[in-house]
Amino acid sequence: MTVEAKKETLGFQTEVKHLLHLMIHSLYSNKEIFLRELISNASDAADKLRFEALGNDSLYEGDSDLKIRIEFNEPQKTITIIDNGIGMTREEVQDHIGTIAKSGTKQFFERLTGDQAKDSELIGQFGVGFYSAFIVADKVSLTTRKAGTAVSEGVRWESAGEGDYSIETVEKPSRGTEIVLHLKEGETEFLNDWRLRSIIKKFSDHISLPIVMSKEVVAEQDEENNEITPANIEDETVNSASALWAKSKDEISDEAYSEFYKHVAHDFQEPLTYVHSKVEGINEYTLLLYVPSRAPFDLWDRDAKHGVKLYIRKVFITDDAEQLMPRYLRFIRGIIDADSLPLNVSREILQQSKQISTIKAGAVKKVLGLLENLAETDGEKYQQFWEQFGNVIKEGSVEDFKNKERIAKLLRFSSSHTDSKVQNVSLDDYISRMKEGQDKIYFVTADNFAAAKNSPHLEVFRKKNIEVLLLTDRIDEWLVSSLSEYNDKHLQSISKGELDLDKFDTEAEKQQQAEISKDFESVLKQMQEVLADKVSEVRISHRLTDSPACLVTGAYDMSLNMERIMKEAGQAANMLGMGGSKPILEVNPEHALVNVLKNEQDDARFADITHILFDQTVLSEGGQLDDPSVFVHKLNGLLQSLLA
Ligand SMILES: Nc1ncnc2c1ncn2[C@@H]1O[C@H](COP(=O)(O)OP(=O)(O)OP(=O)(O)O)[C@@H](O)[C@H]1O
């Protein structure tokens, strides 16, 4: 016996132990899903074999009749799931069963709270797969052999789901995988022909492979010719065993659509919505694409697998076709079945295929249409979608130039109009509320909602009753830098450049402003000298009502928020005197702290007040001071002199 063939006992990866524990406890009321998960894996294994065999027929080993068989044995209390799919090598068993290879898994488990209700929601984002067998079984025995390997290269994996598993090399004449579940005490309800068939019908009817079970045929006598058909056991296909997406829509129930989603997406929650469409023409294809109701745990993992499977004339080709969906629609799950591609496509051909890019462009349009329709017909569901995937859709504004307008229409923001963190204001909503004479869409970007909502820059807008969008997601800075216009309206940051709000001012107000500017001429000049290395200019503000000062960047400069983001990301930033373009300090002449400077004779005190004003403005905009102790020292000095 080789070292490899020896039986080894290995410990589960810690994450697997967590997952098992969590699953057994939180999915108890949903336990029949184990069968769906195992059938789903078996079907994937058959799909993979069919694809591999396109280039190497011998992998079928003379048996190309792919199917899944379900058996049960009442006295032994076992259920067995058998497939003649691709199978696994010893190494693959070790890598896939007993280990969770998905990146980000560790972080996922760190988010678990121990509160069962909350955690079971999280597990929905993760997918349960093979391990769901342990919901009903206290011992699982998996025997498998990879297609194309020798009979002696079978592998048996066994575990009681409690922390370790054994693995050994065994003989296995047939290729594929056989999983025996030894049911727990109390789970014997599944040892029932009718029960198993109804679970298969309910959850796995859409599987395009036949799922067979044995059927007892009782002996029958033909009256006419007196022939007796002996009692027999026959195979019977339990599911409808045809590709769901190839059926016409009116033949498919909502339930079937939903179960198919759970199979392709490895999710066990209902999808939010879907689109099923057959595109005719030279380049024919069928697509069935779903929007999940929850974001998967690895939504932000750039290496996460892509969720749309490519089939060619019902033969599975790949589930990792990044060419089928752009990155900003990476949460879409489902299938695309292309009619006119050759079956022997390689990865390289896929990458260069014109037909694939046409299909992709068509599929993107279908998804955008689906989302537009959802937004129009079901605001509540659309809001749910936005909360889960809004930030990903925003990437589309940056990435997908061709569909820019359509994506912009789908965007939702927080706004000063609703004054709520909920992002539910569309650009069209905003435009419908614009004031007479207003030709711009105003927005402010900040680090968080409170900072945006309380931004001094908003003061004049509140006074004049002009709505401002409050943008607080990181991606927003990139969004507004690529989306400069919507519906012929310019998107304007309220913290950049000059505001042309004076058209909303009366003549008297304009006159008054001119006088104030004159009045403060020397104060501004002196402040500018004090802050020479920090700001490019000090000027009177038309933006402020309550705050003493605010910082403004030039119309074409990077916003301060963007500089902060870059700085945090370790990028060379030119924020606040660190080189590059400096911001402008705008002061509110009506504020006592500014007013006091007019009569300040002591130059040192003037400089201290000016520094304090500048520093607190930086702070109130969410920035950080280069040297906070200097600020505190100056502030304390001022307070002491007031108290003296
Ligand atoms: N019947 C099978 N035949 C061949 N390989 C299998 C079979 N069952 C499982 N596998 C392999 O084990 C891997 C892990 O399966 P598991 O069900 O845990 O996760 P998954 O199906 O990849 O994803 P999810 O956790 O989202 O359900 C599969 O990706 C596949 O490579």
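Glycine is treated like the rest: Cβ placed from N, Cα and C.
Confidence for the region 'A' (1-347), expressed as mean pLDDT, is 87. According to TrEMBL, the feature region 'A' maps to 1-347.
Annotation source TrEMBL lists domain 'Histidine kinase/HSP90-like ATPase' at 30-187.
What TrEMBL records for Glu37, Asn41, Asp83, Met88, 102-104, 125-130, Thr177, Arg347 is ATP binding site. Summarising the environment of Glu37 (ATP binding site), the number of other Cβ atoms within 10 Å of its Cβ, over all protein chains shown, is 24.
What TrEMBL records for 565-644 is region 'C'.
Cβ neighbour count for Asp83 (ATP binding site): 28 (other Cβ atoms within 10 Å of its Cβ, all protein chains included). In the three-state DSSP scheme, Val128 (ATP binding site) is classed as coil.
Checking the binding-site residues Asp83, Phe130, Arg347 against ligand 1 with a 6 Å cutoff on the Cβ atom leaves Asp83, Phe130, in sequence order. Taking all protein chains in view, 17 other C-beta atoms sit within 10 angstroms of the C-beta of Phe130 (ATP binding site). Classification of Asp83 (ATP binding site) by DSSP places it within a strand. In the structure shown, across all protein chains, Val128 is the one of the binding-site residues Val128, Arg347 with the greatest number of other Cβ atoms within 10 Å.
Across the region 'C' (565-644), DSSP classifies residues as 46 helix, 4 strand, 30 coil.
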